[in-house]
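Student: Following this message is one structure expressed as structure tokens.
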Amino acid sequence: MNYLILISFALLVITGVESARDAYIAKPHNCVYECFDAFSSYCNGVCTKNGAKSGYCQILGTYGNGCWCIALPDNVPIRIPGKCHRR
């Protein structure tokens with residue numbers, strides 16, 4: 001049993017674990033990338049440039065009209081609850 005756990009852990013480490021999430025991509029200061037046209041390719045471009053599979057403009061979403069990304073890598077900042085601190 002211990003060997004099975006050890007081998008499973010070794011395979012996990014060797015192959016690496018990459019995760020992705022669906023979320024609003026964030027600019028610095030916790031602000032979303034704003035969009036106004038649901039049929040525009042702007043959000044898809046922003047999302048794919050940052051490593052996501054795709055993206056679209058979510059009209060009247062939780063944080064207003066913002067870019068929603070599908071399968072965004074963990075190293076890319078996402079919008080978290082709290083204020084957008086624009087300067």
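All residue numbers here begin at 1 and follow the chain in the order shown.
Cβ coordinates are placed from backbone N, Cα and C, and glycine is handled just like the others.
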Student: Pick from C67, C69: the cysteine that Swiss-Prot pairs with C43 in a disulfide bond.
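Tutor: That would be C67, the partner Swiss-Prot lists for C43.
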Student: Which of C57, C69, C84 is the other half of the disulfide bond that Swiss-Prot records for C35?
Tutor: C57
Student: Using CB atoms and a 10 A radius, I'd like the single residue among the disulfide-bonded residues C31, C84 with the highest neighbour count.
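Tutor: Highest number of other Cβ atoms within 10 Å: C31.
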Student: Suppose we draw a 10 Å sphere around the Cβ of C57 (disulfide bond). How many other Cβ atoms does it contain, all chains included?
Tutor: 22
Student: Which ones are near C43 (disulfide bond): of the disulfide-bonded residues C35, C69, C84, which have a Cα within 10 Å?
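Tutor: Checking each Cα against C43 (disulfide bond), the hits are C35, C69.
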